[in-house]
């Protein structure tokens, strides 16, 4: 590659926030390999856009295309960060990270671990003692090792849970090999430890969901077709999208997956900024079982596994319905080869029932307007689980973030007839699934009508003068500093939070605002002194608000893999107790699912919805959807019908 081929490096780039193209990723890798990362022992963890500063973007000044890269040198067992100027062909920054830092794993590292486990003589011999000799049917599932007080400094470790199939398509999660864990050091390139404890019989009953196992599909459901004869209502130019009154830019990173930039709403002809940047910041799945293997399950699927790299290539008719626009995601493998997840992001419209309606009984007339939403989504497979992440934009200015959890339970083995109190038995053959949580944190860099924002907590309170006992009111309390803004949900007080702009007033001279409706606002169940609680302190509270700092990107810190939690993350940054009134601020919301497993979750789990809403709260002077046309639909004959088609 020619390192000064500026025009080639910028192929497909039309805006400073556009994700790196494959050409740009290859160029960044080539620059690094001709510079400080020339040794064969280097592995690439990520190469992504170094986003320009917000000041430069607002000023509209020309900015160089730069890449942020994270690498591991296996020979040194050390990690590095680099900043590459793609136009100049230079490495502008090369930083050696602390010895205890381990970046996220790469997909090909998972394959490397599984292959090494399958070939290790000690593992083969131990499995043979358990009667398992056909290694082709044994599945090694690499997990992060977390941190439980061990000194693993300089070791880049995975621990493989082990399952077995009856045949090629059989679900391995029906047959866990309990109390059998293989530890693999990626830097050393070898299995370093095998934990082979009390042998529990491998459950033999199957748990399959493929059509060839479950029999004929039902035939009584009639086709339900989604048709848009005039096409979709959105317009896409590169990564820029306009739909109804909304406009935004679509981004993608290996760590976060889908990112929304520069989210604006057109009000009376004016594009009003709402959120500058929004994305999944972190997630953790802690298990509540005390069994030796299960007690150490607590995956940080974003910070340890780069959940964006695990995005599926989405397909029409299965993952998305309607008139679809897809966006690809570009990343890099550990050897520096660019690769593309085709159709990583899906965008489409959905009908959303009624938006507003009123029947005037005096006049005998009715007005109804139907709602629709724009759906921007990606779906990631993290070993056994699928997480589908959705941003929903509504016509009235509301925003929803939704996670749809599905896939297969992470299972465990017990003696046949046992009833583990920390999980749900899935059959009478010794298979169970432990209780666990799915905790998510979303980072929202607000820019509500401008940079200077503030946050209020709103609780229901009873006034002192309440002679009838029926009076109650909503009381605002300004959250002035970062420490005061570390908050939990409170359903008894009907609590929500408002993001406001004191310099922008509405019709009744109140600051314009959006409110965060804290649905699914659970907290981490583990005790505060548990290792997972120390590492996932973001999940001990629901709301965090920080003064903007471009280096503070992820709720559990930049590198949670094997980290203690003592050095980085929201709980560290907020110790500064910075002012968050009338300043550039970031809102972080933690929510989740307390997953008490049920039989109906097996052998594949029906979707569970987890999320929250953002709603305009005095941001507009009235309902912004009064200009919607009367709701009609088109019948199968192509004729417009009032509201709906009926059979009389």
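Along the chain as shown, residues are numbered 1 onward.
Just so it is clear, glycine is given a Cβ too, placed from its N, Cα and C backbone atoms.
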Site co-member for Mn(2+) according to Swiss-Prot, given 445, 446, out of 301, 582, 584: 584
Additional site residue, 261, 595, 617 [criterion: listed by Swiss-Prot with 436, 438 for Cu cation]: 595
Candidate nearest residue 436 (Cu cation binding site) in space, where candidates are the binding-site residues 299, 302, 445 and distance is Cα-Cα: 299
Lowest local Cβ density (other Cβ within 10 Å) among recorded positions: 301, 302, 308, 382: 382
Of the recorded positions listed as 301, 302, 382, 438, 595, the one whose CA lies nearest the CA of residue 445 (Mn(2+) binding site): 302
Additional residues around Mn(2+), ordered along the sequence, whose Cβ is within 8 Å of the centroid of 445, 446, 584: 275, 276, 277, 444, 447, 451, 453, 548, 585, 586, 587
Rounded Cα separation (Å) that holds between residue 302 (substrate binding site) and residue 438 (Cu cation binding site): 12
445, 584 as binding-site residues, winner by CB count within 10 A: 445
